[in-house]
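Visitor: Right, I'll just put the structure down here and ask away after.
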């Protein structure tokens, strides 16, 4: 009986370590000007990742941050808020879409979208219905077209 418990504990530990080893870290750069000349961008602005993956937001250029948009989070997801000019790494566990913004440049359209999991995101309709200031509305419209193209 004792041997069975030890074997079960070993199997559980190995399974947990293997899952953690399979998680990927994605990098998103916070830029004043993107490669395509567009101003105030996250590059890439759209990611599709697996549950448990992390995203590291890199302050490649100064005066930017990355934070979640509270009205664009899946149920159960933890909000996050990075500080200006500081790198932040976030683990995305809940399936769905996550809206991301740079607070100082939100109205200028510095937004991003992360889709976690396969298939249709459970909060897709609610997140797509959120209204944003300035150029952020159009950028999110374009990003949601990418989500819908990927789930067809």
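Each Cβ is built from the backbone N, Cα and C atoms, and glycine gets one as well.
Since this is a predicted model, take the numbers as computed values, not measurements.
OK, TrEMBL features for this one:
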SIGNAL    1-23  signal peptide
DOMAIN    29-116  domain 'Blue (type 1) copper'
BINDING   64, 102, 105, 110  Cu cation binding site
Visitor: For residue 105 (Cu cation binding site), name the DSSP secondary structure in the helix/strand/coil scheme.
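Guide: In the DSSP reduction, residue 105 (Cu cation binding site) maps to helix.
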Visitor: What are the helix, strand and coil residue counts for the domain 'Blue (type 1) copper' (29-116) according to DSSP?
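Guide: Grouping H, G, I as helix and E, B as strand yields 6 helix, 38 strand, 44 coil.
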Visitor: Report the same-chain neighbours of residue 64 (Cu cation binding site): residues 6+ apart in sequence with Cβ closer than 8 Å to its Cβ, ordered by sequence.
Guide: 30, 31, 32, 84, 85, 102, 104, 105, 110
Visitor: Among all the protein chains here, how many other CB atoms are within 10 A of the CB of residue 105 (Cu cation binding site)?
Guide: 21
Visitor: Averaging the per-residue pLDDT over the domain 'Blue (type 1) copper' (29-116), what integer do you get?
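Guide: PLDDT averaged over the stretch: 98.
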Visitor: Starting from the Cβ centroid of 64, 102, 105, 110, which together make up the recorded Cu cation site, report each further residue of the same chain whose Cβ lies within 8 Å of that point, ordered by sequence.
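Guide: What remains near the Cβ centre is 30, 40, 41, 42, 63, 65, 101, 103, 104, 106, 108.
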Visitor: How many neighbouring Cβ atoms, not counting its own, are there within 10 Å of the Cβ of residue 102 (Cu cation binding site)?
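Guide: The answer is 26 other Cβ atoms.
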